[in-house]
Amino acid sequence: MASLLPKYTSLSHAKQLQAHLITTGQFQFRICPSRSKLLELYTLSFDSLSFAIHTFCQILTPSTNDWNAILRGLIGSPAPTDAFLWYKTMIRGSYRVDALTCSFVLKACARVLAFSESIQLHSHIVRKGFLADALLGTTLVDLYAKVGDLDSAERVFDEMVKRDIASWNALISGFAQGSKPTEALALFKRMEIVGFKPNEITVLGALSACSQLGAFKEGEKIRAYIREERLDMNVQVCNAVIDMYAKCGFADKAYLVFESMSCKKSLVTWNTMIMAFAMHGDGCKALELFEQMGQAEVDPDAVSYLALLCACNHAGLVEEGYGLFNSMEKSGVTPNVKHYGSVVDLLGRAGRLQEAYDVINSMPMVPDLVLWQTLLGACRTYANVEMAELVSQKLVEMGSNTDGDFVLLSNVYAAQKRWADVGRVRNAMKSRDVKKVPGFSYVEEKGVIHKFCNGDKSHESWREIYAKLDEIRFRIKEYGYLAETSFVLHDIGEEEKENALYHHSEKLAVAFVLISTSTGTPIHVIKNLRICGDCHAMIKLISKIYDREIIVRDRLRFHRFKQGSCSCRDYW
């Protein structure tokens, strides 16, 4: 009867077939492949899940394939967790469940990150011995990765009897998009060793990991593989390569990839390249690229304008950024809260705090915490205590309890040596159990990622690193360096403040690379927080004294230090 189901048919034809099955008595056969295919047609081809369920309810003894057809349809429905309820009905009714049944239910749960249901289903899968099915195991790995339980994802992967390329891709992508980019790269290498050939999905995950870590050398190897296997015919792969180069500190290399693409550039391609220039503080190139985008008849979207506003922010192009913001609606793009946040940042960086405050109050939507936090950061830069206190009160009223709000306000008070107020803010942090996010930095050396925290002595070479810092400390003072102790939020002596500053994570990372590499080797540092003013001033001098190009990627942007100057022109 399967031959009665043409590849392309209409809903009315399908209903005619159903009528035929009913009148001939085949509809109530215990196993009827045509009936199962018919249910699939209703759910997948004709988007009529309700009619499929109505038809299913008329079957006296539905087969496993009939149940699976409905479960498959529920994956894309408005209520995917209903698949779990159907599954429980199958179990209670003693219907035979197979690996495909569990796979469909898992996919439905994964779509809405239904964690508790997924755990129950996982235990059923183990008891029924279905984990030997590669597709089912892969779905489990993917689900655990998406809900952020990377340990469980890895455990399922390790327990799988049989793995295919999709299994490896699921865990590599999960690690890369989660909190284990180093492990993602290690898994990528292990995959090649055991004989699996990376495909487009694999390299996307590996490139994402390189982007997070700033692992340029590993990214270069992956890029070489992509070219060798001609995977760069895929626009998504090209976009990921552009992003990797940009986040590893090489906007020029990213642009070479952008220019040489043999596949058609997508809107994402243009946006990625504009954001790359933004991160590197090259607002003029970002604006030029935006003009080229128009010439190529590619319509900008909300992301395009956000990237452009970021570019103007980091380059100090206040009027240009403001003009872009005001032209958005004419281009058919309605500004959202992130665009308003960029304008507030644009004005705040330029010291126009009152204008930034007025923009927030004039917004057509309710401002979020990030907007006020952005303005608070500008208050820190320009030591505006009155505005900082006003903004902090707004944040308190909105229920904010993040460490950054308290630290920024403390910074404002510390810069004015108002230690009693600093103490009051610190006490408020303690009473609310607010923990300060520790600063850390990464560097890659000989394919190994080294992580440093502030005041770190856990590295095997910490004695040599601290000795190098002492040498640096002596040499930079010959060039007139004075520690910017206003960045230390404690009422302690100047010498103690200087010692605290010297052991920031990025300084430890730079010192490590100086003792580990030959003269002239560039230094690449990835930092989780914004670089402080003292580290910025000190690294500028290190780049001159030791004749090293030093690239630091902090939470917001890139700083490229060379011969005593920074690409940000001290505007960040």
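Quick reminder: no glycine exception, Cβ is built from N, Cα and C everywhere.
The domain 'DYW' annotation in TrEMBL covers 480-572. In terms of DSSP secondary structure, the domain 'DYW' (480-572) contains 37 helix, 16 strand, 40 coil.
If you look up TrEMBL, you'll see 133-163 (among others) marked as repeat 'PPR'. Helix, strand and coil counts under DSSP for the repeat 'PPR' (133-163) come to 23 helix, 0 strand, 8 coil.
Long-range contacts of the repeat 'PPR' (164-198) within the same chain, counting only residues at least 6 positions beyond its ends with a Cβ under 8 Å from a Cβ of the stretch, are 134-135, 137-138, 141-142, 144-146, 148, 150, 153-154, 157, 204-206, 208-210, 212-213, 215, 218, 222, 225, 449. Under the heading repeat 'PPR', TrEMBL lists 164-198 (among others).
Under the heading repeat 'PPR', TrEMBL lists 266-300 (among others). Confidence for the repeat 'PPR' (266-300), expressed as mean pLDDT, is 94.
Taking DSSP states H, G and I as helix and E and B as strand, the repeat 'PPR' (301-335) has 27 helix, 0 strand, 8 coil. The repeat 'PPR' annotation in TrEMBL covers 301-335 (among others).
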The repeat 'PPR' (266-300) - residue tally per DSSP class, helix then strand then coil: 26 helix, 0 strand, 9 coil
Counts by DSSP class (helix H/G/I, strand E/B, coil) across the repeat 'PPR' (164-198): 26 helix, 0 strand, 9 coil
